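Visitor: According to TrEMBL, the record shows the following:
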BINDING   HIS73, SER114, HIS115, ALA116, GLY146, ALA147, ASN175, TYR286, GLU366  thiamine diphosphate binding site
BINDING   ASP145, ASN175  Mg(2+) binding site
DOMAIN    315-479  domain 'Transketolase-like pyrimidine-binding'
Amino acid sequence: MGYLESIASPRDLRELTPEQLAALASEIRDFLVRTCSRTGGHLGPNLGVVELTMAIHRVFDSPTDRVVFDTGHQAYVHKLLTGRMAGFEKLRQEGGVSGYPSQAESPHDVVENSHASTALSYADGLAKAYTVRGEGRHVVAVIGDGALTGGMAWEALNNIAIAKNSRLVIVVNDNGRSYTPTIGGLATALTSLRTSPRYEAVLELIKKRLNAVRGIGPATYDVLHAVKKGMKDAIAPQGLFEDLGLKYVGPVDGHDLAAMEQVLEKAKRFDGPVIVHALTRKGFGYDAAEQHEADQFHSPGPFDLETGEENPKGEIWTDVFADEMVRVGRRRKDVVAITAAMMHPVGLDRFEAHFPERTFDVGIAEQHAATSAAGLAMGGLHPVVAVYATFLNRAFDQVLMDCALHRCGVTFVLDRSGVTGDDGASHNGMWDMSVLQVVPGLRLAAPRDATRLRELLGEAVDVDDAPTVVRFPKGPPPEDLEAVDRVGGVDVLLRNGARDVLVVGVGSMAATAVDVGERLVAQGIGVTVVDPRWVKPVDPALVDLAGDHDLVVHLEDNGRVGGVGARLLQELNDAGVTTPFRLHGIPQEFLDHAKRAVILERIGLDAQSLARGIVEDVTALGEGAATVEVHRQP
Ligand SMILES: Cc1ncc(C[n+]2csc(CCOP(=O)(O)OP(=O)(O)O)c2C)c(N)n1
Ligand SMILES: CC(=O)[C@@H](O)[C@H](O)COP(=O)(O)O
Ligand SMILES: [Mg+2]
């Protein structure tokens with residue numbers, strides 16, 4: 001039996017000798033590689049924090065001391081050291097551990113939100129709470145160099161710098177990368193810290209030399225030490241953090257357990273906020289990850305253990321977007337592209353390869369991306385901002401007041417919209433079609449397949465007086481679904497003449513809507529299945545169609561509250577259309593992690609249960625029920 005199985009809590013770490021700790025670190029790496037080769041997951045980030053996490057749990061006393069992980073994708077080691085090894089069998093799957101901290105899983109876990117750059121704000125609040133309550137608990141925040149490029153992190157640092165008696169230790173996990181090398185002035189400043197001679201080592205050398213000089217030596221050293229700021233700037237420019245008034249310790253080798261423990265012990269004794277700058281390597285200890293140029297195995301799918309080759313994924317929606325963006329870029333010299341540190345994941349790498357001067361990586365800074373895009377539009381260009389749908393949440397005000405208020409022609413492409421599943425509650429892109437409903441002038445499109453994505457992207461970049469949004473889900477696009485007719489701007493996908501039921505399938509739900517329609521036809525029920533394409537503003541043809549049918553069934557891969565269906569209902573009401581209406585969407589809840597298909601079935605967005613419910617409604621209506629009984633989803 002190895003050491004890992006014997007670790008039920010971090011306290012067990014303190015019984016181990018240095019040799020046993022080294023063996024444990026090796027076991028953890030082997031376990032992570034083997035597990036992620038089966039399940040996929042954030043292997044690279046977690047291989048980079050093995051010793052760092054062990055050191056934190058040996059020096060601090062979780063859960064009395066709180067350990068907060070920024071983004072949380074690098075918390076697998078933390079989970080292994082807090083007794084959850086068994087849950088990795090089904091990592092990020094139903095019944096297994098989530099890929100992020102989870103309060104339901106353990107009292108050692110604090111922050112579940114996977115949105116980056118929040119850890120320091122949580123930590124600032126926690127540390128202040130313990131100060132106010134008079135509790136001598138420490139708070140340790142682990143934040144990556146990438147997450148440090150997010151604005152919230154600097155809002156927090158600005159406050160932490162004056163919280164002089166906060167027992168807060170910030171561990172900067174500096175591996176030089178987000179997915180790709182971290183960009184911007186911050187990265188340059190971290191590099192200068194990373195590459196400067198070790199300040200302490202040089203200071204020790206000076207101390208030894210001067211103390212050897214009888215009489216004046218020690219006094220001279222004291223004078224020198226008194227101007228250590230000047231020395232530090234000379235030896236190791238500390239401006240980045242020290243100019244904020246923050247105590248800085250480092251850089252330290254984040255893979256040297258003893259060195260990390262020594263520095264953390266020093267930081268722990270310092271009665272105020274302190275930054276520990278740890279240098280680590282993403283993917284450390286597994287060659288295939290370390291040498292993976294694209295992103296050092298940031299979040300691979302299942303892969304071959306021997307070769308490190310990822311199992312082939314096949315074409316996904318992102319690939320369709322990536323290729324179409326190159327075509328758009330060729331015909332439209334004014335189109336530029338912006339990513340928030342996710343060039344490849346959002347499909348802009350091909351555009352960048354063709355048009356590097358028209359491609360901007362702003363770091364993990366979606367708010368800046370949106371307002372910078374407004375500036376680009378004001379400057380006569382048409383920016384395409386590509387982000388995962390859930391991450392646009394934090395740029396809502398920028399979309400509203402910087403883009404829409406000024407009628408800027410900016411196109412937001414939202415990948416991973418709807419239920420994503422694997423990454424848990426904060427990754428589902430279930431918010432955009434609700435929050436964006438309130439943005440005056442903004443136009444929103446939801447393509448049902450690859451061809452419509454190409455069409456709608458082209459239509460979106462042609463709009464130069466309002467923000468536009470094109471959103472699509474995670475995974476492979478369905479086969480193309482050709483329309484049999486178009487009414488106004490609405491595609492008719494299926495109809496059999498009778499007008500019993502109008503099924504509205506938004507975006508990725510159009511394929512499900514056609515499946516439902518075919519089941520209804522087989523039951524002799526009259527049905528029309530439509531895809532609105534542009535869902536905001538609501539197409540008047542959709543209102544007319546609803547008025548011509550006995551029942552409307554609306555399907556969308558977005559939260560039920562305030563989404564497209566809610567808006568359509570409002571339009572029907574305003575138009576005096578009283579057709580009974582069933583709104584099917586994602587329940588307005590935080591959904592636990594599981595595969596997308598599993599979740600869609602669980603929440604009733606599968607064709608079989610939808611069709612069954614419609615047959616019951618039509619029967620009820622046929623029996624003279626004035627309206628269908630409303631079974632509200634939660
Ligand atoms: C607001 C937000 N934007 C984008 C992401 C996607 N994302 C997840 S991890 C990551 C890179 C994080 O880099 P870093 O903080 O350096 O951590 P590392 O992976 O290097 O350990 C990004 C961009 C996110 N989680 N949150
Ligand atoms: C932690 C984070 O936000 C990303 O790494 C995300 O987990 C990637 O998601 P995909 O695997 O869907 O690209
Ligand atoms: Mg990093």
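The backbone N, Cα and C atoms fix where each Cβ goes, and this holds for glycine too.
Any TrEMBL annotation is an automated prediction that lacks curation.
Quick one: where do these features end up spatially?
Guide: Residues within less than 8 Å, Cβ to Cβ, of HIS73 (thiamine diphosphate binding site) and separated from it by at least 6 positions along the same chain comprise HIS42, PRO45, ASN46, GLY99, TYR100, SER114, SER299.
Packing around ASN175 (thiamine diphosphate binding site) is summarised by its Cβ count: 24 other Cβ atoms lie within 10 angstroms of its Cβ, all protein chains included.
The domain 'Transketolase-like pyrimidine-binding' (315-479) scores a mean pLDDT of 98 in the predicted structure.
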Visitor: Mind telling me which of the binding-site residues ASP145, GLU366 has the densest Cβ neighbourhood, counting other Cβ atoms within 10 Å?
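Guide: Of ASP145, GLU366, the one with the most crowded Cβ is GLU366.
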Visitor: If you check the binding-site residues HIS73, ASP145, GLY146, ASN175, GLU366 one by one, which have a CB less than 6 Å away from any atom of ligand 2?
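Guide: Those binding-site residues that pass the cut-off, since their Cβ is under 6 Å from ligand 2, are HIS73.
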Visitor: Do me a favour and check the Cα-Cα span between GLU366 (thiamine diphosphate binding site) and ASP145 (Mg(2+) binding site); whole Å is fine.
Guide: 16
Visitor: Express the distance between the Cα positions of ASP145 (Mg(2+) binding site) and ASN175 (thiamine diphosphate binding site) as a whole number of Å.
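Guide: With distance taken Cα to Cα, ASN175 (thiamine diphosphate binding site) is 7 Å from ASP145 (Mg(2+) binding site).
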Visitor: Might you list, by sequence position, any residue in that chain lying six or more from HIS115 (thiamine diphosphate binding site) with a Cβ less than 8 Å away from its Cβ?
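Guide: Long-range Cβ contacts: THR71, THR390, PHE391, ASN393, ARG394, SER426.
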Visitor: Please find which two of HIS73, SER114, HIS115, ALA116, GLY146, ALA147, ASN175, TYR286, GLU366 have the most distant C-alpha atoms, given that the record lists them as binding thiamine diphosphate, and give only that distance in angstrom, rounded to a whole number.
Guide: 32
